[in-house]
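*Asks:* Okay, handing you the structure first.
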């Protein structure tokens, strides 16, 4: 079994080297789909909602992976590849003050409008009501992830690491979004 895993890992690394954006996008999509399947099961959905799962995978594939790919390349350009503690703190702060609020806002909008097909007014009110607490929770969790990512992960693995952790975060966001819409349904 370990030989199969080693071969698969080597092939994955080769794809990551040859086609970094595509590989990161596919990885983010698969992880987003896995997180949604888990969120659906935890929230008590008996039969897997395939349309919802595919729309969440589309989010990871079309947005999550590419956004992370270019964000980490940009961070490396801005900070010229520095990895000292002071630079890592600056990267984490910059990420938390820019991409973190945007990503949470964008996910909430996408989830409400696209995944659930809710009207603009309902989604806008829900975001207005829930966004502050979600972002405050994010600021308690993501800086630690960012620190580990910038301090210990090589550039080519940052999006993969972030996507893996984001799949756990997406379970939280899914359940938060679901719990509010279930109360109104």
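Every residue, even glycine, has its Cβ placed from backbone N, Cα and C.
Feature table excerpt (TrEMBL):
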TRANSMEM  53-71  transmembrane segment
TRANSMEM  155-175  transmembrane segment
*Asks:* Could you give the residue numbers and ranges of same-chain residues that sit at least 6 residues beyond the transmembrane segment (155-175) on either side and whose C-beta is under 8 angstroms from one of its C-beta atoms?
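*Replies:* Non-local partners: 16-17, 20, 24, 27-28, 31-32, 34-36, 38-40, 42-43, 56, 60, 64-65, 68-69, 72-73, 76, 104, 107-108, 111, 134, 137-138, 141-142, 145, 148-149.
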*Asks:* Mind checking which residues reach the transmembrane segment (53-71)? Cβ under 8 Å, same chain, six or more beyond either end.
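*Replies:* Apart from its flanks, the transmembrane segment (53-71) reaches 20-21, 24-33, 35-37, 40, 95, 99, 103, 106-107, 110, 114-115, 158-159, 162-163, 166, 170, 174.
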